[in-house]
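Visitor: One structure follows; several queries about it will come next.
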Amino acid sequence: MMTQPQPLAFRIGLGYDSHRLGPDGPLRIGGLDVAGDFHAIGHSDADVLLHAVTDALMGAIAGPDIGRLFPDDADENRGRDSRDFVEEALRRVNEAGYEINNVDAVILAQKPKMAPHIDSMRAAVAEMLQTTIEQVGLKAKTGEGVDAVGRSEAIAARAVVMLSRR
């Protein structure tokens, strides 16, 4: 007779997203509009940071990815605010009996410069996740002229989350 496994005390999830960039701003990232010469092209608001965080949360609970939760061919997701995605992922994390220990993310963008916006983005993400700002790490890196990010043709983000059993 097989016994039911005990729920894991900790779970880790990894998320990634990228979008092509188009002319004219603003760029929506971390739930904020960042002024600049570019905007991300996508079916929703194309917020790469929130998409990566959503996938990290869903991955940590072995849930479906953002594309299965919010298909890009569904009309209701056209122009949709990515905060909705984070909200649904957080609801599922809570429903699974977990809470967020911390989130760490990196934004990959040549332009616009992210450094002036990092603290505001950390605060916005912490509020969305119902955590403290100390639980949200965020960095930004440029592409140094290499690949689509470095040529300002794309923007990307990676996120990792650690959950603990409540």
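Cβ atoms here come from the backbone N, Cα and C positions, even for glycine.
Annotations for this protein, taken from Swiss-Prot, read as follows:
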- 17-19, 43-44, 65-67, 109-115, Arg151: 4-CDP-2-C-methyl-D-erythritol 2-phosphate binding site (BINDING)
- Asp17, His19, His51: divalent metal cation binding site (BINDING)
- His43: site 'Transition state stabilizer' (SITE)
- Thr142: site 'Transition state stabilizer' (SITE)
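Are these features on the surface or tucked inside, and what are their neighbours?
Guide: The Cβ of Ser44 (4-CDP-2-C-methyl-D-erythritol 2-phosphate binding site) has 22 other Cβ atoms within 10 Å, all protein chains considered.
When secondary structure is read from DSSP and collapsed to three states, His51 (divalent metal cation binding site) falls in the helix class.
Secondary structure at His43 (site 'Transition state stabilizer'), as computed by DSSP, is coil.
Taken residue by residue with DSSP, Thr142 (site 'Transition state stabilizer') is part of neither helix nor strand, so it is coil. Cβ neighbour count for Thr142 (site 'Transition state stabilizer') (all protein chains, 10 Å cutoff from its Cβ): 16.
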Visitor: Return the residues near Ala109 (4-CDP-2-C-methyl-D-erythritol 2-phosphate binding site), defined as same-chain residues 6+ apart in sequence whose C-beta is under 8 angstroms from its C-beta, sorted by sequence, else 'none'.
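Guide: Listed in sequence order: Ala140, Lys141, Thr142, Gly143, Val149, Ile155, Ala156.
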Visitor: Cα-Cα, whole number of Å: Ile66 (4-CDP-2-C-methyl-D-erythritol 2-phosphate binding site) versus His51 (divalent metal cation binding site)?
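Guide: Rounded to the nearest whole number, the Cα-Cα distance is 7 Å.
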Visitor: Of these recorded positions, His19, His43, His51, Lys111, Lys113, which scores lowest on Cβ atoms within 10 Å?
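Guide: Checked His19, His43, His51, Lys111, Lys113; of these recorded positions, fewest Cβ neighbours within 10 Å: Lys113.
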Visitor: Starting from the Cβ of Ala115 (4-CDP-2-C-methyl-D-erythritol 2-phosphate binding site), draw a 10 Å sphere and report how many other Cβ atoms land inside it.
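Guide: Ala115 (4-CDP-2-C-methyl-D-erythritol 2-phosphate binding site): 9 neighbouring Cβ atoms within 10 Å.
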